[in-house]
Amino acid sequence: MFPMVTEFMNYGQQTVRAARYIGQGFMITLSHANRLPVTIQYPYEKLIISERFRGRIHFEFDKCIACEVCVRVCPIDLPVVDWKLETDIRKKRLLNYSIDFGICIFCGNCVEYCPTNCLSMTEEYELSTYDRHELNYNQIALGRLPMSIIDDYTIRTILNLPEIKT
């Protein structure tokens, strides 16, 4: 008879413990209920990009000396640098520079180690296309400056949102 009573007491203790855990979880859920939502409506509202955001790479053709440091420091040897040696002035002349953003991991090593600072990271992150071959950017496409997200009047950022009155 005693084993049955102890089993019943253990069952009661386990039930109380389970109810306490459920109550604790419910209290945490209720504490998050009166916070403002974190999600945004993406195409119409955009977050403000941080200063160190690693987006699309911007390339300045005139500054590049075709040293290929960017290719050597890239973990996947991604930038394609075509150059020709000018024998009369004994310098390399850059012919073509391209990066395939379908393969790029946006590590930023090429930007960090470039001796002439001809590469920089922009805040542009909308690179989606229907064809993966469109992600192979040459020096002309890499040289385009992105339109700033904050200055675009058609897009509401977190700063321009109307305040919610409670």
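Glycine is treated like the rest: Cβ placed from N, Cα and C.
Per Swiss-Prot, [4Fe-4S] cluster 1 binding site is recorded for Cys64, Cys67, Cys70, Cys114. Annotation comment: Swiss-Prot describes Cys74, Cys104, Cys107, Cys110 as [4Fe-4S] cluster 2 binding site. Taken from Swiss-Prot, the feature domain '4Fe-4S ferredoxin-type 1' covers 55-84, and the record attributes it to sequence analysis. Annotated domain '4Fe-4S ferredoxin-type 2' per Swiss-Prot: 95-124, in sequence order.
Taking the features listed in Swiss-Prot, we show where each one sits on the structure.
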residue : record                          : CB count, 10 Å
Cys64   : [4Fe-4S] cluster 1 binding site : 19
Cys67   : [4Fe-4S] cluster 1 binding site : 17
Cys70   : [4Fe-4S] cluster 1 binding site : 25
Cys74   : [4Fe-4S] cluster 2 binding site : 18
Cys104  : [4Fe-4S] cluster 2 binding site : 19
Cys107  : [4Fe-4S] cluster 2 binding site : 14
Cys110  : [4Fe-4S] cluster 2 binding site : 22
Cys114  : [4Fe-4S] cluster 1 binding site : 20
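Residues 49, 91-101, 103-107, 109-125, 127, 137, 139, 142-146 of the same chain sit 6 or more residues outside the domain '4Fe-4S ferredoxin-type 1' (55-84) yet have a Cβ under 8 Å from a Cβ within it.
If you look at the domain '4Fe-4S ferredoxin-type 2' (95-124), the same-chain residues 6 or more away from its ends with a CB under 8 A from one of its CBs are 49, 53-65, 67, 69-70, 73-76, 78-84, 132, 135-139, 142, 145-146, 148-149.
Rounded to a whole number, the distance between the Cα atoms of Cys107 ([4Fe-4S] cluster 2 binding site) and Cys114 ([4Fe-4S] cluster 1 binding site) is 14 Å.
Within 8 Å of the centroid defined by the CB atoms of Cys74, Cys104, Cys107, Cys110, the record's [4Fe-4S] cluster 2 site, lie the Cβ atoms of Ile57, Cys70, Val73, Pro75, Ile76, Leu78, Pro79, Ile99, Ile105, Phe106, Gly108, Asn109, excluding the listed residues themselves. In this structure, Cys110 ([4Fe-4S] cluster 2 binding site) is part of a helix by DSSP. DSSP labels the residues of the domain '4Fe-4S ferredoxin-type 1' (55-84) in these numbers: 5 helix, 8 strand, 17 coil.
Neighbouring residues of the recorded [4Fe-4S] cluster 1 site, listed in sequence order and excluding Cys64, Cys67, Cys70, Cys114, comprise Ile65, Ala66, Glu68, Val69, Val81, Cys110, Pro115, Thr116, Cys118, Leu119 (Cβ within 8 Å of the Cβ centroid).
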